[in-house]
C-alpha cells in the first residue's frame, strides 16, 4: 500500500520529518516497508529558469542557427546559440543554464560551456520534450508574456516533489488502505501529545440536478451484495486529468488514464472504497442487475482475456449481458472511452468471501478485489460516491442526472464489544487511566456506549473488521498509546509454564538431529495433493479424502491422506536430476474425512494425524576408492526404523512384529504394541512407483507420531553399571521349515530363558536341495550373561539344551 506524503497532508496538518513519520506509522501498526522520493518530472527541472530573449541574429556560418542573448536575471546577459526556427526577440523562454542535467528517458546529459560554429554558448533554450513537459519538438517553448524573468522553472510550472511511503499492510488492517484511514490513525496517535484532528473533504455541495438518465438497479443476490449505491452523471468530457490529479496518482505508482478513471482511482486510494464507472450508453435497457450467471458463461474483461464464469461469480449485468465481475474487474465493452458523454457511477459493498473466491478462480488480483476481499466499510459507499461525483463535475463537467440509488435492505450496525479497564491495564502492563483509554478509543472512532465503573460497553464501526473482542481493544489502545511508552517494570508477572513429558518439540528435534547425522535430509511437502493418488488403494480409502472445493489445479485438489506420495514426488524430482541416492525424512500431518452419523456437527467428521516418514533409495553411501557401491536394502530401512524406536525407549523384543497387510508395500513389517500400530515399513509397491515414474526400489517407513508419543511417555529409561562378568556366546544351526520366521525363533528363546539370555541374532541363512526344497537352515547366535557372577559351563549347557528342546518341540527343528 503506497501513501503520498503530500496527499496525506490534505487530511491532516502535520510537519513531521520522514524519520518521525516512519517511526510513528510503524509503532501504530502500519509498518513502513520503504520510503522513496518522487519527482513528477525526472530531475525536477533543477537548473532551469525563465529567461527573456533580448537579441536574436542569424549565425554567420549557419543557415539555421541563431545567436541570442538571454536575460535570466543573473546580472549579465547569457550568449546562447539556438537552432529553433521559432526563436525571436522578446520571447519568454525556458533556459537550461550551464551545469543543468537534462534527461532523455534513462539517459542524461549535462549542459556545458561550449562553442558552436565559433560562437560561445552558455546554456540551452528548451523545447517541451527536452525537459519532460510534453511531447512537442516543433520548436522552443514560448511562455506567456507575464512570465517573470529569473523564476525557477520548477516554481513557474508548479512542479511538485513528493515522498512515497510504502506501508506493509497486514490483512487485518484494511482500514489503512486509504489516505484517510492512515490520517485517522496518525491523528489518534498525535492527539496524545497535542490538539490535532484529521479532516475529510466535504460533500455538502452534492445535489441532484435532473433525472434525465435514471437507471433501475436490481440486486438479486443480497448476500453477495449487501449494499449497492449508484448515480448517473451526464454531459461529461473525457479528457486528460489536470496536473494535480496526475501528480497524486503518479506519486503512488499509478499511471493516469483519463479524468473519469483517474477520479475513481483517486477516491479509491483516498477512502479505500472501490468505485466503477460505466459508459451509460452501454447499460442496455436502462437496468443494472447484480446477479450470478450460469456456469461456463463467457465474459471478456478489460485486459482482453475471455474468461469462463463460475456459477457463484457475482456479476454486474445490464438487461442483455454482463458488464463487470463484481468487486474484481470490469468488462471490455462497458468501460469509459474518449467518446463517453454520460456515465453510471457504482459504489458498492460486496461480500468478502464471494469476491475472494471469484478472484482466485479467475486468477485476478486488482486494487478493488484487494480491498473487498478484506472487508470494506459498508457505511462509506454513499460518501465515496458523492465525493467522486463532485470531482467529476469539477474536472470533467456534466450534471448529476439521476436520483442517488442506495439499495441497503439490512444496514450493518456497529459491533458491540465489552472491555474492562483493569484488564486492559493489566495486559498492557501499565496503569494509563480510564480517561486515556476512552480518549484513544474515541480518536479511533470506537464509541463508548456505556460506562459502568471499569466496564466499558463499546460500539466498533464495521470497517474495523479486526476488532471483535476485548483482546483487540487492548491492542488498539496499546498501539496508539505507544509500545515505547510502556516502561519495563521492576517486577515481571508471569505464569509458570508446564511442559508435558515427553516434550514433543524436543523429541522431534532429537530425532531430526539423529536422522540428519545419519545422512538424511529433511523435506517439507505440500499438504495439498492429488485425489487420484488414492484411487484403487485398500489401505488408504479414496472416500476418506478431504477434497478442495475450488482447487487451483487438478494436481492440488485434495488434502493428503498420507505423506507417501509427496515424498515419492520429491524422490522422482531428484532421480530425474541425476540424484538417485536419497535418504529423506518428513514430519507432517495427514487429513481425513470419515462420516459418522452420530456427529451432530459435520466438522467432527474431519480429523488430522501426525506422522514421521522416512524414504531411502539408491546407494547406501557415496562410493570412493576404498568403498564399493552398496545398494540400499530392506534391512537398511529396518535398522533405521528400529533405531528410532529404541531412541524413544521402546524394547524391540517386546514389540509385536508382523508382516504388513498394507497394499502400499510389496513387502514390509508392522511394529505394534498391544493393538496399536507404531510404524509400518517396507519396499514401496512397484505399481505405485511406476505411476510416479520411478524405476528403482524405494523403501518407506511411516511412524504414527501420536501413538509413538503417547506410548513413549510410558517408557522409563534406567541406568545400570557395566557388569564385571563376561558374556558367553553360543551358536546353533537349526534346520527348520521355510514357513518359520526368525521372529518365532527369537520369541521362543526369550520365553524359554527370561533372565540370562541377552540377545538373539541371525548371522547366516542357507537354502538348497541338499537340505530339502521346503527347508532352510538358520545360524543363530545367543548371548548369555549373568550380571552377578561368572556363568559355569554346566549352567550354559543347561540353558542351551533347554533352547534346543523348545525348538524341537515347537518348531520341529533339527540341529545341523
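One-based numbering along the chain as shown.
Each residue, glycine too, has its Cβ placed from N, Cα and C.
Secondary structure at residue 472 (Mg(2+) binding site), as computed by DSSP, is helix. As annotated by TrEMBL, Mg(2+) binding site applies to 466, 472, 475, 476.
Secondary structure by DSSP for the domain 'TRNA-binding' (42-154): 5 helix, 45 strand, 63 coil. Taken from TrEMBL, the feature domain 'TRNA-binding' applies to 42-154.
Mean per-residue pLDDT, taken over the domain 'B5' (412-488), amounts to 92. Among the features that TrEMBL reports, domain 'B5' is placed at 412-488.
The annotation domain 'FDX-ACB' is assigned in TrEMBL to 723-816.
Of all the binding-site residues listed (472, 475, 476), 476 sits in the most crowded Cβ setting, with the most other Cβ atoms within 10 Å. Shown in sequence order, 172, 464, 467, 471, 473, 474, 479 are the same-chain residues outside 466, 472, 475, 476 whose Cβ sits within 8 Å of the Cβ centre of the Mg(2+) site. Each residue in the domain 'FDX-ACB' (723-816) gets a DSSP state, and the totals come to 33 helix, 32 strand, 29 coil. Counting only same-chain residues at least 6 apart in sequence, those with a Cβ under 8 Å from the Cβ of residue 466 (Mg(2+) binding site) are 172, 173, 472.
For the domain 'B5' (412-488), residue counts in helix, strand and coil come to 33 helix, 18 strand, 26 coil, using DSSP.
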